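First the structure, in the form of structure tokens, and then the observations on it.
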There are 2 protein chains.
Amino acid sequence: MENEIIVYSISDSLGETSQKLLTAVSAQYPDLNFNKSYRFPLVNREEELLEILGDALKDKAIVISTLVNRQLAKTARNFSKQTGLLYLDLMHPFFEMIQERTGSEPIEEPGTVHKLDTEYFNRIAAIEFAVKYDDGKNPQGFVDSDLVLLGVSRTSKTPLSMYLANKGYKVSNLPLIPEVPLPQILENVDPQKLVGLVCQPDSLSRIRSNRLDSLGLSHSTSYTDLEKIYNELEYSQQVFKRFGVYTIDVTDKSIEETAYLIEEHFKNRIME
Amino acid sequence: MENEIIVYSISDSLGETSQKLLTAVSAQYPDLNFNKSYRFPLVNREEELLEILGDALKDKAIVISTLVNRQLAKTARNFSKQTGLLYLDLMHPFFEMIQERTGSEPIEEPGTVHKLDTEYFNRIAAIEFAVKYDDGKNPQGFVDSDLVLLGVSRTSKTPLSMYLANKGYKVSNLPLIPEVPLPQILENVDPQKLVGLVCQPDSLSRIRSNRLDSLGLSHSTSYTDLEKIYNELEYSQQVFKRFGVYTIDVTDKSIEETAYLIEEHFKNRIME
């Protein structure tokens, strides 16, 4: 059994879909080394493609392709048939199913997914919004937000805001600190837009300790003290109750998982 | 020809890979409506799966699957064979190729890609870093950065920082303004870490005008004035020259494209 595998990703655009698939697949093989895998973006000439396929054959690589160009995809398919190259086309089997169902043909324009259209600029604006209104820096942003995340320190408000912003949501967040009064403007925010983040106290203490380590600070602080954390969380629950805030326990959840729960919650609410 | 297509994405994790593929595929069909597509994450029981597949058949949907569980994937495959359901398995053909090449078997653990490991926490820390050191707010961060982005207003510094942070790079950025002296600390930053962003003046003027529109501000400002923009860009080029900064023209480029160029540049530099 070999403990190394090489994957070539070929795309006539940037190859992000292949990278995403490769990440998901490689997570299923903790003992296998994928480090020599290589990404070939912006491939648009047949000779260039054949050269890459030839190298893949020499490297005994698996080739995954998101080429949208029919001719290039056909070239790669034929090459693989003739040589026994392990080749996986992610796009054209999907295209064929769409044709079977609807009769529609793809436009075969590489990079269409990066079109600088309204949706793209809205997403960029959302990212800038989230940075501007992170950490309660400017509570004025709460009223214009699609979502306002509330929670005590280290409940993943910032990374969660950025992740949701990247999906186009205008997100702001506010740290809840018992000693600091809530900004008045919170009263004017539609409570339906509020999301409360909670975490198990021991997990939060551990995360805060790691945070102090990474900042090179000592632990003799109330920041990681369990009793202090209980009080903070108790206070945050009072705030959530007072405003009727939808809350999520982020303990042991990745940002992606928490973001998914938030999206589902708001989708269901809209459909009610 | 139908102008609507329904795609069901089924996953025993969150289904992000399917979403990415669906985005790329749907971009190839500007005239086709994918809005009724639906995502089924966290599917882990056979009866639940069969119910979804039954609904897909009724909806005449195309089903894409990233189920890692072999038994569930087999159930879906058999169902599709028997019923003629259009079904695309993204994981198992890849798994089979890896087995053919290495003999390795996947661990078949859903959600492994969201494991809260060191890499995950580094990525989260990088996002927090980028927010903290955005917009030259705290130039102290420059020396600890993997990358420092420099450019005049509206050259996409912030969204680019966030995108690269999400890939684990510690990124800060500094707006270049002729009237504002450069922070002293820039002299102490390894010039190899600096990236200069430039843009065509007319394009920049257009982007700034749109920005003012979105902020509800009037255009009678030097912010969008072409001569002013020429001067700003000229000044930024002087800075880039002085520090020997690698520069990228971001005109008509998406964040993803620019980020790709930056990553390639630094990869090649490391390999030199």
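Each Cβ is built from the backbone N, Cα and C atoms, and glycine gets one as well.
Here's what TrEMBL has on this protein:
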type    : residues                                                                       : note
BINDING : A:GLY151, A:VAL152, A:SER153, A:ARG154, A:THR155, A:SER156, A:LYS157, A:THR158 : ADP binding site
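Those binding-site residues from the list A:GLY151, A:SER153, A:ARG154, A:THR155, A:LYS157, A:THR158 that have a Cβ under 8 Å from chain B Cβ atoms: A:THR158.
Using a 10 Å radius centred on the Cβ of A:THR155 (ADP binding site) and all shown protein chains, the other Cβ atoms total 27. Between the binding-site residues A:SER153, A:SER156, A:THR158, the minimum number of other C-beta atoms within 10 Å of a residue's C-beta occurs at A:SER153. Neighbours of the ADP site: apart from A:GLY151, A:VAL152, A:SER153, A:ARG154, A:THR155, A:SER156, A:LYS157, A:THR158, residues of the same chain with C-beta atoms within 8 angstroms of the site's C-beta centroid are A:ASN173, A:PRO175, A:LEU197, A:CYS199. Most Cβ neighbours within 10 Å among the binding-site residues A:ARG154, A:LYS157: this distinction goes to A:LYS157. Sorting the binding-site residues A:GLY151, A:VAL152 by the number of other Cβ atoms within 10 Å puts A:GLY151 first.
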